[in-house]
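Heads up, the thing below is written out as structure tokens.
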Amino acid sequence: MTTTTVSPPRRAARGRENHTVASRPNWFAGLVSLLWMLVVIIPIYWIVITSLKTQSNYYATNPLAPPGEPTLANYQLVIESDFIQYFINSLIVTVGAVVPAVAVSFMAAYAIVRSAGRSRFLRSVNSLFLMGLAIPLQATIIPVYLIIIKLRLYDSLTGMILPSIAFAIPLTVLVLSNFLRDVPKELFESMRIDGATEQSMLWRLALPLTRPAVVTVVIYNALQIWNGFLLPLILTQDPSRRTLPLALWTFQGQYSVNVPAVLASVVLTTLPILLLYVVGRRQILSGLTAGFSK
Amino acid sequence: MSTTLAPSATRRAPAATTRGGRSVGLAWLAVPALLFFIAFAVIPLIGVLLLSFSTWDGIGEISFSGLTSWRTVLADPGLPHALWVTFLVIALSWVVQTPASILLGVFLAGRQRYRAVLSVLYFIPLLLSSAAIAITYKALLDPNFGLGAGLNIPILVQDWLGDPVLAFGVVIFVVSWQFIPFHSLIYQGGVRQIPRSMFEAAQMDGAGRIRQFFSITLPQLKYTIITSSTLMIAGSLTFFDLIFVLTAGGPADATRVLAVDMWKRGWQASLMGPASAIALILVLVGLAVALLLRRVGGGSANAGASQQEGA
């Protein structure tokens, strides 16, 4: 993207080398994408500028006009109302669920791919996880609620972590095994000849080679769990155990008249995941597209 | 992935000699994932079946009561309504999202200079939680202080969430707003995997862009369309948080999909038996849709799996 000085004809020529499809501008798709960009951008722009307005300013001014005197008072109000506590809860639940979910899924995906269908047990495990993709796991929420109560984990962060791990497994195994299948078998064979055990092939060969896929599923699952609403809604009651999306919802109830403050809390709950996305953007874009388009 | 079949046939003989130790060693690696999945997905799946034949208020004792819950649910006109609303959400959100995602995906797979910027912007709705999105749209569509009123655009000043038809339209729009970016990414990846030589050959034969799209791009995207549709439909069945926060199933049950219906019966009305029956219906709908798509796709989104089963 540093080719700003290159004249249009040459750029088109370079494009033809590796992508004939778009060597001519595609006006129709371009127009659709610009329109869609407006649909995406306007609400986001509105969230950000409104969160910087005072309440009276919000009612008085043009909704799309930038704030005359931007204020951070809304953010201060949100942070002072236990935001830090909810943030820490969300962080514990997300990290506590994503790390084990990806680890156990990686081990399972490795076993499934390496057995190449020779083990009946692993074939059934794979089918079971694939079935899990089709079943809306939220439909199992009532027994999950009962199990969490019986385990005396109601109103605890662990109670939210355990089902989150299970819900993340099917898709994570699918994406990771899609990637692992592309690792050339010869690499494993030559390591085996060198006397490597299955364990060391798992951690020293398969894991580094599937790093982009691992980053993808880490970010994808982190996104799902960070934004999760149903489990915290059903498995907690104590306000001190709320995670951010649930806190956002209750906050909205309390401050329904103070729209700028509510929107400031929307921004604050999204910022951490935005940072994660910025860090892992390239990996997640390539990982997602490759992982799903197979 | 097409390589998995051939080698396994030739490798069967040497593998058999080391089989014992090797597959046991491998099988253990799948056990932790399996245990989590059994504890919080398989057992609950059986549990939801059992609970649908019982009476439970969510706190007290559970007692078996035969078909009572099923009778209640099946006699309730709310069930066909919730099924219909769920079906409409699935069908309409597919109809809106799929063509738009394919178009955007094709466009993003090209080499436009501003493509990278667009990819970043398109992704933002996916980062927001459904709760955040619902809260934002509630404020944005407010008839008194929302965008329409503020900009003085009469057509935008409506009681969007108070009118059954409008509220349903809003749900479809917001769902699309949230998920079109994700599906266009999937299509972007799919388009990139189409061999360029196919387009070059078509161009030499004088096929225009539209002809190329319908004769090459679309047929080549068949499996991508099935993958994306599977994820879209399985996702639509579980639109709980967005609808719960946006409309809570209202107005007048206009957006009361099965998932919201389950919550209302279970946690609002403390009738876990009927709620479990609804949950079981959700599971069955999900499985039926998956099987249907598998048939349509002749092998389906999980081609790798079916290949493995054949190996």
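Note that Cβ sites are derived from N, Cα and C of the backbone, with glycine treated the same way.
For reference, TrEMBL has these:
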DOMAIN    B:83-293  domain 'ABC transmembrane type-1'
TRANSMEM  B:26-51  transmembrane segment
TRANSMEM  B:82-109  transmembrane segment
TRANSMEM  B:116-137  transmembrane segment
TRANSMEM  B:165-187  transmembrane segment
TRANSMEM  B:231-251  transmembrane segment
TRANSMEM  B:271-293  transmembrane segment
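B:165-187 is the stretch from B:26-51, B:116-137, B:165-187, B:231-251, B:271-293 with the greatest number of Cβ pairs below 8 Å to the transmembrane segment (B:82-109). The transmembrane segment (B:116-137) shares more Cβ pairs under 8 Å with B:231-251 than with any other stretch in the list B:26-51, B:231-251, B:271-293. Long-range neighbours of the transmembrane segment (B:231-251) within the same chain, counting only residues 6 or more positions beyond its ends whose Cβ lies under 8 Å from a Cβ of the stretch, are 86, 89-90, 93-94, 97-98, 129-131, 133-135, 137-138, 161-164, 167, 170-171, 174-175, 178-179, 183, 186, 257-261, 263-264, 282, 285-286, 289-290, 293.
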